[in-house]
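See below for the structure under consideration.
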Number of protein chains: 4
Amino acid sequence: MIDAFDSFIQKLEPQLRTWRRELHQQPELGFLEYQTTYKVAKELEELGFTIHVGKEAVQSDSRYGVPLEHEIQEAERQALENGVPEDWIDAMQGSHTGVVAKWDTGREGPHLAFRFDIDALPILESNEPEHKPHTDHFRSTQNGIMHACGHDGHTTIGLGLAHLIAHFQSQLTGTFTLLFQPAEEGGRGAKAMVDKGWLEGVDQFYSGHIGINSLPVGTIAASTEGFLASAKWNVTFSGQSSHAGMKPEDGRNALLAAATTATQLHAIPRHSEGISRVNVGKLVAGNGRNIIADSGYLEIETRGQTKAINEFMQKEAKRIIQSSASMYDVKVDIEFVGETEKMTCDRALIPLIQEQCQQSAWVNHIDPVAYVSGSEDASFMMNAVQANGGKATYMLFGTHLPSNHHSPAFDFEEEVIPVALAAYAHVLRGGSS
Amino acid sequence: MIDAFDSFIQKLEPQLRTWRRELHQQPELGFLEYQTTYKVAKELEELGFTIHVGKEAVQSDSRYGVPLEHEIQEAERQALENGVPEDWIDAMQGSHTGVVAKWDTGREGPHLAFRFDIDALPILESNEPEHKPHTDHFRSTQNGIMHACGHDGHTTIGLGLAHLIAHFQSQLTGTFTLLFQPAEEGGRGAKAMVDKGWLEGVDQFYSGHIGINSLPVGTIAASTEGFLASAKWNVTFSGQSSHAGMKPEDGRNALLAAATTATQLHAIPRHSEGISRVNVGKLVAGNGRNIIADSGYLEIETRGQTKAINEFMQKEAKRIIQSSASMYDVKVDIEFVGETEKMTCDRALIPLIQEQCQQSAWVNHIDPVAYVSGSEDASFMMNAVQANGGKATYMLFGTHLPSNHHSPAFDFEEEVIPVALAAYAHVLRGGSS
Amino acid sequence: MIDAFDSFIQKLEPQLRTWRRELHQQPELGFLEYQTTYKVAKELEELGFTIHVGKEAVQSDSRYGVPLEHEIQEAERQALENGVPEDWIDAMQGSHTGVVAKWDTGREGPHLAFRFDIDALPILESNEPEHKPHTDHFRSTQNGIMHACGHDGHTTIGLGLAHLIAHFQSQLTGTFTLLFQPAEEGGRGAKAMVDKGWLEGVDQFYSGHIGINSLPVGTIAASTEGFLASAKWNVTFSGQSSHAGMKPEDGRNALLAAATTATQLHAIPRHSEGISRVNVGKLVAGNGRNIIADSGYLEIETRGQTKAINEFMQKEAKRIIQSSASMYDVKVDIEFVGETEKMTCDRALIPLIQEQCQQSAWVNHIDPVAYVSGSEDASFMMNAVQANGGKATYMLFGTHLPSNHHSPAFDFEEEVIPVALAAYAHVLRGGSS
Amino acid sequence: MIDAFDSFIQKLEPQLRTWRRELHQQPELGFLEYQTTYKVAKELEELGFTIHVGKEAVQSDSRYGVPLEHEIQEAERQALENGVPEDWIDAMQGSHTGVVAKWDTGREGPHLAFRFDIDALPILESNEPEHKPHTDHFRSTQNGIMHACGHDGHTTIGLGLAHLIAHFQSQLTGTFTLLFQPAEEGGRGAKAMVDKGWLEGVDQFYSGHIGINSLPVGTIAASTEGFLASAKWNVTFSGQSSHAGMKPEDGRNALLAAATTATQLHAIPRHSEGISRVNVGKLVAGNGRNIIADSGYLEIETRGQTKAINEFMQKEAKRIIQSSASMYDVKVDIEFVGETEKMTCDRALIPLIQEQCQQSAWVNHIDPVAYVSGSEDASFMMNAVQANGGKATYMLFGTHLPSNHHSPAFDFEEEVIPVALAAYAHVLRGGSS
């Protein structure tokens, strides 16, 4: 049967590459993945999966950072224009993107869940000659939006796994849930699937990431340590505009409040008990050159190796934001828009993964643990599974990285896709046997 | 004849109000005044003026801060949609807005020029109950664009003056040039009309402003002192994006460079020899919350009571901008996008204005000089006229102001419009007699 | 009699130079002028003036910014060491420096007051070859203390005027009060003399300054416009120290609170209604390199062309200081330590000064008004005199300045001293006649 | 023999407490430990050790951050006043403090070195009722100087170890070097002893610290991980003073350059590969309130978990310092004044320590490794020993800590002193057997 899995994947490889490149060309931001959701759901429906989209898939009020109304409408308009049927758009209406697909073998066995994140990032993709998606003509067609974190690869792996399940259905036992999650960036989408109950009764949960650490293709890690708890906020300062030449003293400068917040937030003390992070990723303030700015907007994020450290960061950040507002006599609104939790992979899954994956010809080397940083809202799913007695892990799939995640020249070796698919496939066989 | 002028204006008053409110509802940003230009030019053409628009009116490469290509296209598209004929749009294509209208009486006499600025500001107009344009239903229909400086009034005065010239043509002597100038805000449009040669041969130049100082309607000032020399720049920082959680040290943070620039620019020392100003009116930086920002953009402005003070401000600002860039190891591009000069009104015009205007029933009180601040690119026109031996002044037309210029609740008393028109009309009679 | 005054001053000139250089070599900071006070008081006592020192001269609790106990003790120790008798030190004990000297001619006539400020600044005097006090060997002997504002000259003029009064006593009428005021820098000493009642009953008040504007020797100004209202504060932040390597997160960083205050204070908006100033002149924070700083101390000053502008500056400054404290979670104490008021010279004195001074061969040119900036606590005295119906002015005495006031290479032309003395002398004759 | 060691220490305990309290009352800053050096050297000389002080003990030009001349002279004056003989002061003259004491048993055996740091910190000791040194009357007698890191304890342990060696001399083999190192704070003294050659030929090197982690007395750690590489700099900005009211634009503000540096340094990105630190511990700028500050001085420190991270911090810091200088157009001088290296304890020593120390009744529990942060210039000594084939470790001696190291209320349980002495004693027996 090993041979069968490996060789099925080998035959699927050209299709995997095609899927990945199609997805790469049509990236969509978090909670705006109308076209990606349709593409995935349609494919899985045809394979025989039971499909759940829209408010069946995600809990409406558990979503963080839902886009603005006009952004949603524009995305729905474009989806329609690009061939997504109207009834599908109706189902997803108002940013209810993402798919949950279930397969019940009808035979007794454990319930395994696999999670794939599908959203892209607001980055203008590189058009440098050394950037392969550019030279091989599958660069993003969406100006300023890019799959710069590899979720196009993740979605492709999920499509491959679905085909494999359908193909080998007669030999499998138990139940499989495939979660194609929206809005992972910013920690905004996972909780909405958790709160809909999709992780209840799951015995084993698997997710993972392409890259992160730059490793040779063929190397995988059975678990990870180091993902950080995180919190995401939008901050809006409201001041008073005035003519900058004629009445500067009548202005209450929201731009300076925002700028001061940015520099001072980055100066929050490092924490001695572990990793901490803070970032102001976006700042938009003011209207015109000769007007004292009456508005300032920030998108910020804190992280901590532990929940306590992240709480320290949040406490410091809040005080700095409020003090910056009072410094310039402006009002401030702090909106909580996303979070991830600390995650702990179950060590019990490591030998199981090692045993299964070493039987695959696609996998050369298995690290028991990879040390990473960053944050992942798969943490919500893992914590939900573990709270109910299930086991969960978050894996890594090696590829060399020409450039950092979230940078305009990010790319990965496409050979990692069949490797990751093989790993999940063998895990699936082992887990469900 | 006095009676004739005053009573003509009295009959025109309802029309003046209508024009003003139409213009107020359809504000257009600098160099995007396609609809305003067409409205004015069409009206004057019908009155018998010789009309110059497009590259006849403005010197293409003397314009500062021309909008982005996509903004221009959108404005042209909207103009077409709103009824501006295609050939007119062709004439103005690529942000060549503004009108120069000439009237030659055929009788010997001096050449008088009157200038009216026509552009609006990027401000979201107030919808508070005490804001008259809102309660009287002529609030801006353009989201985030507003006539918040009174240029709708100025344009209306120009339309009124054109009607008066046409009506009283047989009694007038000499030549009249009416300049409807684009892009006054930011000091971007005047030089382009000057460089086209329209101020050559002008004997007397008049321009002026509604409001600025809050004075009763009926009070005018024959000249002003205190307009500041100014310079306008756009600053773009380019850094390196990176994942803010995984590789913060690989980023080069253009957002922090922009934020540091903003706070530090405002700390340039006050100058002991006169008024100085600096403002960062707009700051846009970064892309997403969890990405170290690779871009930062600022719109800034310096002013000085003298050219030397403004040069001091610019020298300080440049060093601070460049040091902020080096502080965060990012690149910076400083683009010069506009300026105004120091202006000096000819005192010789004061008694002439006093003598004429006190004959108008619309004018109650004439201050010889009003003390103001702010900046005006009419300075370019005045300096050009004066360099050729002509005389020039910049007047003020009193109105109480419920809110500062450039603020969302800015408004003026509409009764100021006939007063200003009457002042110009009598000056015109006196100047051309 | 004119000849008599002028020629008396000519004979006194070598002595004036000697006094000035002795004072320059022995500068003393505000409220620590033990030796200067003694030198002046002794000299005037011998001339026959009635002398008031210590708590007779200054109101103890009206002094602002009294030095620290150990600074006072050190100054008293040094004064003793340098020959000030013990009973004099006892009289001045605890920073009660300054002298009030009175001369009653016994003949009816007005009461004229002349004020001279006697304190120096915490500046290390230049030892560059072009600095005359250095090359002519009368540079400050006190390390880091310097007469960098010309008060050595002012004190000398006062000594000269006292000699002139004594010499010409039989020809004079009325009463003369000479106020040798301590602690002008920082606006700390004048109010203490006012509150002691020394300005009551004064009919005319004269004070003035060497330099300020760089003018030729021989030119004087009968009055000044432009001195600013000002306020002086000391600000102390108290945080929590912690090991910067081991427990940075336990610190509450008073150094960063102080540093943030400094940069943000300088960014207070310029005021459209007139001149404003703000300065953080001193910042001392922290203890050791590897300790999070638990202390931060600032000396700041605001100024405004009007009382209202200065109040605006103070309001802004206070909010910024308090916000900086809350930003770093530290405590703050704001101590008010000095002020000056807006001053208005009586125009009625101008023709009187012009008439008298043009009779002196020492004076070449008399400007009715000089336009200045800076602040002066003579304003307290002038306002007190004017409140009681007297008249007051503040004059200027021209000298070219090689370097700014309050800079290490400040100096003035010694020839200004007899000119200033001649001006006061003739004013005195005119005033008291 | 175990009993002999333990009971010797028990008898010594009252003396240990006395020594510690005497040292605590007379703290001395780095390179000013004249009295401490004399006290230790005198004691060890009397025991029979061969003593090396002054330029024999430390390499003159390898010292970092030697105090200012006047500080040195004052310390030498005080030492003389407090009974240090003149010839001892001559030997140490010019900040050559510290002692190296050698004992050769004359019997073959390994060469063991023990290092004790002896300097104090510029912190004003707490006088709160809960601070034991205050209530038990051994608070620092030196205003603003305090043993706030436990070096008084370390020095005491060294004295105890010397007595034990002298007492048990006949039973010991090999050679012992006791290094009483000056100026550990700031990483300034260790290299000067290393460069003098005192670590050459050392087979085993032991040093350690009281506290750091708060642990019960009786618990020790055989090794530590986590000390950070560090670098220390003094930064001096030189600008131009000017009168803040009259000529603010002529100043070049060194205070704002220093303040900007402070806030921006703290915003250096966190490093993903390990711990980083930065601190500005001291900032002194400006002279007087109404003078634009022409001077600014900072004491800063960077740390990194690896040499590479510390180099990253230094590179960032230098660029920020230089950019702050250029931002305010001031000159800057960056002086390197100290450093510590990364240290790695030899794991081979752990079982040896465990085996020996568990034989002592004073030691209850031995952790093989303690995880710490902070920095230690013992790293220079350890690296020197290891480079020559020797082995080195850095231990921890448990005590509960009422307050952080480097805080005014720092203290430790005095019972840790005999425990640490017992640990060294048994190690010494084991190491030299």
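Here the Cβ of each residue, glycine as well, is placed from N, Cα and C on the backbone.
What TrEMBL says about a protein is an automatic prediction, not a curated fact.
These come from TrEMBL:
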| type | residues | note |
| --- | --- | --- |
| BINDING | B:C149, B:H151, B:E185, B:H209, B:H406 | Mn(2+) binding site |
| DOMAIN | B:230-322 | domain 'Peptidase M20 dimerisation' |
Counts by DSSP class (helix H/G/I, strand E/B, coil) across the domain 'Peptidase M20 dimerisation' (B:230-322): 31 helix, 34 strand, 28 coil
Sites among the binding-site residues B:H151, B:E185, B:H209, B:H406 close to chain A [C-beta, under 8 Å]: B:E185, B:H406
For B:H151 (Mn(2+) binding site): intrachain residues, at least 6 apart, with Cβ closer than 8 Å: B:F116, B:D117, B:I118, B:D119, B:A120, B:E184
Listed in sequence order, residues not in B:C149, B:H151, B:E185, B:H209, B:H406 with Cβ within 8 Å of the centre of the Mn(2+) site Cβ atoms: B:D117, B:D119, B:L121, B:H147, B:A148, B:G150, B:E184, B:H405
Integer average pLDDT (0 to 100) for the domain 'Peptidase M20 dimerisation' (B:230-322): 92
Distant-in-sequence Cβ neighbours of B:H406 (Mn(2+) binding site), under 8 Å, six or more positions away: B:L121, B:I123, B:A148, B:C149
Assigned conformation of B:E185 (Mn(2+) binding site) - DSSP reduced to three states: coil
Protein Cβ atoms within 10 Å of B:C149 (Mn(2+) binding site), excluding its own: 28
Where B:H406 (Mn(2+) binding site) sits in the secondary structure, as DSSP reduces it to three classes: coil
Coarse DSSP state, helix versus strand versus coil, of B:C149 (Mn(2+) binding site): coil
